[in-house]
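Q: Before I ask anything, here is the structure I am working with.
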Amino acid sequence: MDSKKRSSTEAEGSKERGLVHIWQAGSFPITPERLPGWGGKTVLQAALGVKHGVLLTEDGEVYSFGTLPWRSGPVEICPSSPILENALVGQYVITVATGSFHSGAVTDNGVAYMWGENSAGQCAVANQQYVPEPNPVSIADSEASPLLAVRILQLACGEEHTLALSISREIWAWGTGCQLGLITTAFPVTKPQKVEHLAGRVVLQVACGAFHSLALVQCLPSQDLKPVPERCNQCSQLLITMTDKEDHVIISDSHCCPLGVTLTESQAENHASTALSPSTETLDRQEEVFENTLVANDQSVATELNAVSAQITSSDAMSSQQNVMGTTEISSARNIPSYPDTQAVNEYLRKLSDHSVREDSEHGEKPVPSQPLLEEAIPNLHSPPTTSTSALNSLVVSCASAVGVRVAATYEAGALSLKKVMNFYSTTPCETGAQAGSSAIGPEGLKDSREEQVKQESMQGKKSSSLVDIREEETEGGSRRLSLPGLLSQVSPRLLRKAARVKTRTVVLTPTYSGEADALLPSLRTEVWTWGKGKEGQLGHGDVLPRLQPLCVKCLDGKEVIHLEAGGYHSLALTAKSQVYSWGSNTFGQLGHSDFPTTVPRLAKISSENGVWSIAAGRDYSLFLVDTEDFQPGLYYSGRQDPTEGDNLPENHSGSKTPVLLSCSKLGYISRVTAGKDSYLALVDKNIMGYIASLHELATTERRFYSKLSDIKSQILRPLLSLENLGTTTTVQLLQEVASRFSKLCYLIGQHGASLSSFLHGVKEARSLVILKHSSLFLDSYTEYCTSITNFLVMGGFQLLAKPAIDFLNKNQELLQDLSEVNDENTQLMEILNTLFFLPIRRLHNYAKVLLKLATCFEVASPEYQKLQDSSSCYECLALHLGRKRKEAEYTLGFWKTFPGKMTDSLRKPERRLLCESSNRALSLQHAGRFSVNWFILFNDALVHAQFSTHHVFPLATLWAEPLSEEAGGVNGLKITTPEEQFTLISSTPQEKTKWLRAISQAVDQALRGMSDLPPYGSGSSVQRQEPPISRSAKYTFYKDPRLKDATYDGRWLSGKPHGRGVLKWPDGKMYSGMFRNGLEDGYGEYRIPNKAMNKEDHYVGHWKEGKMCGQGVYSYASGEVFEGCFQDNMRHGHGLLRSGKLTSSSPSMFIGQWVMDKKAGYGVFDDITRGEKYMGMWQDDVCQGNGVVVTQFGLYYEGNFHLNKMMGNGVLLSEDDTIYEGEFSDDWTLSGKGTLTMPNGDYIEGYFSGEWGSGIKITGTYFKPSLYESDKDRPKVFRKLGNLAVPADEKWKAVFDECWRQLGCEGPGQGEVWKAWDNIAVALTTSRRQHRDSPEILSRSQTQTLESLEFIPQHVGAFSVEKYDDIRKYLIKACDTPLHPLGRLVETLVAVYRMTYVGVGANRRLLQEAVKEIKSYLKRIFQLVRFLFPELPEEGSTIPLSAPLPTERKSFCTGKSDSRSESPEPGYVVTSSGLLLPVLLPRLYPPLFMLYALDNDREEDIYWECVLRLNKQPDIALLGFLGVQRKFWPATLSILGESKKVLPTTKDACFASAVECLQQISTTFTPSDKLKVIQQTFEEISQSVLASLHEDFLWSMDDLFPVFLYVVLRARIRNLGSEVHLIEDLMDPYLQHGEQGIMFTTLKACYYQIQREKLN
């Protein structure tokens, strides 16, 4: 609260705010007095009951005054001064309310408190007569799970009930009576219940009368509306009926359902069981009689009306009797809703009527102007207008066809005045004197009783025999009661047919929901819902029936009601247009008018000049706060007046039928009025320093401004839009846009006016003014409107309107002058109309002026002063800016009037404005022809070069202007550059050159910034740049360039050429999106080319250079092929992968390898999926040429020569069973020539062979069978030759490594500068990061950190050490982890080609040695790259000396000597390519490599595994004995889970368990070094286990160690131990072989072979 006090109250002191003045109701002359005993606290809100009141102060405290019988102490029952409600101390109360004898308050945390009389449960406490202190009311939503406490926003209290509005905009009720809106017969209701009928709707406010309730509800958005059903959901009867009589047709929407509410589908189940009382029959008879009345002849009118009168009287008597009996159940209630298209039918009937409009000039007052149909349209129609209209048309057509044309003459001869009948039927009796509360004079004492009125009306009805002009009906606002039997009309079918053909222009001027504004400001799209007792018509439904549930008062739809007040037995509704509708009891003139009936809302006649902005309703009087000329609110009183001495008023004149202005201007500025039973109260502010006066001025002028805008909209804009032949489509669209923007602005002003009224009721902090906090809403709306109206002006809209609108304007000239505030009678109509349309812009000056006034009320240093000052400047600045926009539009319009007509049509655009042209500023084209005419016109969006009848338009966004230097010979020259043109303009003088250059530069700058319609908020003038940027974003369509003809480019430009990111689209569907450089595609981009033949498109994503594909990219062909790899000059060049077809297609295949000029050349792998073959070898001109290897899925292996895609020349062929042919080939798998065929058993044939392998081979040669005594060493000599005819490992994938060297800036391996290589790496990383930033794939935090760390180049100064070696190792790990780094890209590619080669068909055991050689080649070539980047790195096999001795020494496992680095031949770290790179490379290549090892060792592994399974069946003791382990090494006891257990003969898998577990880890490691460490750790675990059992130090010998290690290997059960052994052997560093780890590895290898030879006895 401190901040609130510090704000605007500092300017004038809080003691001058919220002063309380109180009057006695009806006492004249008025004697206002200060509230007795009240101190100086500022009161924000007051509420009055019958004999008590409640005050809410600024600091959230609540005081009670008056008679308080519920208080416990006898002294406090009637205190002399207001007393503080101590129970609420500590709570910050935000609102209070009072009923007749109880009170309520709501705290800022949404808790409602009630106290006072509780006889009807109105305080939500059970079985308690009084609630002496404020008691919190527990309100919980039972539908929510778990139960949630409902937070309350507002309370309203009646005599016996209370309503609470929750923060979720739902109504909760408790107390007694039908006014609760709950379906229950058990009263009182002491537990708050939700009013389900309004659940799901947004309720804005609730109000309570004595026994009725009102709710202000926001209209449903149009998308939520459901179509109107044809039939009632309850009784399935038609909602609209048509009755065909002899000479007329009756259309009726008089259908009604029980309970007086229209039940929706969702409520049908809940309420279907409600019983109907016998009185429903009476009402049905009334309806029947009423229909008969409408169709009666003149002679029978009186008889029928008397019958109706009798029915009404009997009905009233019945309901009065029910009230006397005190029954709580309402036996009969009716809801007869208006059909949504009532007004549409009215429209038809208005056109049929030939009668003139009869204006009611009673009391000499000006009649309410007839409002157009659409202004009165109901906002929440349950169906779209088109649907409703079509439904109506179909109904009309059916009517017309039902009766003959001859009926028309009978009908048109005469009919009954529908209006008069409805007037008489609407008059309903007052409530009885008992219920009328304090009314001294009962209904029986009134001279003009209801019965008398019925008789008078029936007599008038007898005289009337003319067709009522339906427009007259509309003139009387609200005379039709839409909730009674409504649309009962007699319609001539002939005229209906005629009317059905009439087409009117549909104009919607109600703005749609505007999101932000609707969230910040009060909504004007509201409905009024009422329920409870209606004996005095206080529900507004046109009858005196009670309603158990809320029912919408349809005739208030579209009236923009913003506030409701409920008196004892009457109701008031305040609209945004400062009008008040009133209905209900008018016994004392409390409605502010004397019109009948009072059962429907009618306009109160308070002040003809001033609008109402606040209202209050007492028991039998009303109060109206009105705007006056000096902005000080005036207070009008209407209602009961206590006769003073000497007054001889008749009994029925105890009230004021006309509101009386109370003279209370001396009090100050009234901010709020509150009414009770016998007294009313006003909260008054003193005008210190003019602050309050300025606030009232702002609010008053805003409300008046809204009324004026509403009048313009309804009386000028809508009629104009409905005119025919308004000109071209563009003009009509522009006018409709003007109307739409005007309507939006008008609605915003209405909302703001309503919010200012609420603002004046509150704390009145300047900083919370919407016009300050959300100024952009207003600034944008005014700017949008100004844009649309100036566009309309430029296109000559007002001139085009002149002809079709002349009649309308002439008839309404006086109205036009009045609205536009033009006093000169000689002003032309079009000028007046122009002035009228620009009228709203003037309001901005008013905002600025009032905000400046408010600012002067504060200290200059205060934030309020600064904010008000800034906002004032903003509004003033916008007003001036929009004024300039208007002048620009008028200047442009004048230019178009003089411009040649043919070119005008193509150049004239709504948003185009003229800046300058060369006819008045001499400018010529350099080197122009002698007789040529060149006219240059500068618009805000283009420079136009006109020549005779032709012209060319240069958009400013892609135009560059620069002055020519004097050296170039152009003293007065301007160089103009556009994407496809470059020309020089010569001005007559240097001054002209400067003017043109400045004009063009500013225009280009404005076009680029899009500021043509944006106001320079917050500054005095627009800050123009000296020159527009050379680099900019723009869109352009090429028209000359052959390559780009008709293509459209949208993106970045630099000096007339595309440069930067952009999108280029060709008319034939081609599109490039990516980077440009100097007008050409350059950098990363995406290219699409449609393939019309295949109805697909080619798609390329990758790098470009100088307009051509160059670098890495992916090309997806329309045929389904995909190429990923390198490009050069739009051709595949370098390393790449081509996928052809899919597995399901006719010829799926895959090639990965080198390309040269779009053809396969060099080494590559081709996988023919259809034939199940894989070729790994050399290519030339797209064919296999040179050495290569082929493997098939059937196990065939060929290596040798290829020529033109065929096996031709020497080669070696192996089959799955190890049959080998080595010799000459002539075709694929075709032997031809000399060779040797070797059988699996070693027998071989030498000679000449011919034929295809697998289909019979002719042999001419010698068969050899080797001697039994020949050595086994010579048998596999052919296997040792494998690989000799394959491509050497170092020749494979050269293109991949060459690409990496190229990325580092080297022409060949090692040929380049190191610093340049590092620069290229940094550029590659930065570029890749930028591309990834724009791509949908977002890098993770760790990836981003890795990239950032890679941008730092490792610096090494001084001697090379282990630490520096470790830095390089860490850098390589990071670099190889990210494909954005050249090394990472290399590794990723190598992994891809390796897998491609050795997976699938390539998983052939014959390829193992090739695979191993390939890895070793990778290591050698990558190591070369690393040594180039880190020149200080020693050569392969060099030793790095240790900088310090190892901190802990251990004994050598093998020798027992103390050794720090027994693996190395000398102390230090040995540098090897495998040691540095295998940890990076091998984990990625491990799966395919290990698979080859497993395939190659398959037979050995099977024998080994069989032995392992067999030997592992034995218990530990038996196995140790069998393997020959010395007894001293047998564990005697074992520690299991900390418990020592003896080793039994049956114990299994327990001995040396830790060593076994350790050795099993060998399968989880990748590199030989890691596997060797596991082996070493296993030996150490064995040693630890033996030491624990021997309790003494010892030295292993191999005889002791081998059996124990053999036991561990067996128990470890490693499935592919042979593969592990061979992998280590092939890839381990040679220097390790003779060290400790080498010996341990040899031991493991020996165990592997030993296990295969073990036999178990």
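Cβ from N, Cα, C; glycine included.
In case it's useful when we look at the structure, here is the feature table from Swiss-Prot:
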type: COMPBIAS; residues: 445-455; note: compositional bias 'Basic and acidic residues'
type: COMPBIAS; residues: 456-467; note: compositional bias 'Polar residues'
type: DOMAIN; residues: 901-1007; note: domain 'PH'
type: MOD_RES; residues: S465; note: phosphoserine
type: MOD_RES; residues: S466; note: phosphoserine
type: MOD_RES; residues: S483; note: phosphoserine
type: MOD_RES; residues: S492; note: phosphoserine
type: MOD_RES; residues: S1335; note: phosphoserine
type: REPEAT; residues: 59-108; note: repeat 'RCC1 1'
type: REPEAT; residues: 109-167; note: repeat 'RCC1 2'
type: REPEAT; residues: 169-218; note: repeat 'RCC1 3'
type: REPEAT; residues: 525-576; note: repeat 'RCC1 4'
type: REPEAT; residues: 578-627; note: repeat 'RCC1 5'
type: REPEAT; residues: 1049-1071; note: repeat 'MORN 1'
type: REPEAT; residues: 1072-1094; note: repeat 'MORN 2'
type: REPEAT; residues: 1100-1122; note: repeat 'MORN 3'
type: REPEAT; residues: 1123-1145; note: repeat 'MORN 4'
type: REPEAT; residues: 1175-1197; note: repeat 'MORN 6'
type: REPEAT; residues: 1198-1220; note: repeat 'MORN 7'
type: REPEAT; residues: 1221-1244; note: repeat 'MORN 8'
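Let's see these features in context: how buried, what's close, how far.
A: Sorting each residue of the domain 'PH' (901-1007) by its DSSP state yields 31 helix, 39 strand, 37 coil.
The average pLDDT for the repeat 'RCC1 1' (59-108) in the predicted structure is 92.
Below 8 angstroms of C-beta separation, residues 1051-1052, 1054, 1057-1064, 1100-1109, 1118-1119, 1327, 1331 of the same chain, each at least six residues beyond the ends of the repeat 'MORN 2' (1072-1094), sit close to that stretch.
Listed by sequence, the residues of this chain that lie at least six past the ends of the repeat 'MORN 3' (1100-1122) yet keep a Cβ under 8 A from its Cβ atoms are 1074-1075, 1077, 1080-1088, 1091, 1094, 1128-1132, 1138-1142, 1145.
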Q: What does the DSSP secondary structure composition of the repeat 'MORN 6' (1175-1197) look like, as residue counts for helix, strand and coil?
A: 0 helix, 17 strand, 6 coil
Q: Quick check: do the repeat 'RCC1 4' (525-576) and the repeat 'MORN 1' (1049-1071) share at least 3 Cβ pairs under 8 Å, counting only pairs 6+ apart in sequence?
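A: In this chain the repeat 'RCC1 4' (525-576) does not contact the repeat 'MORN 1' (1049-1071) - fewer than 3 Cβ pairs sit under 8 Å.
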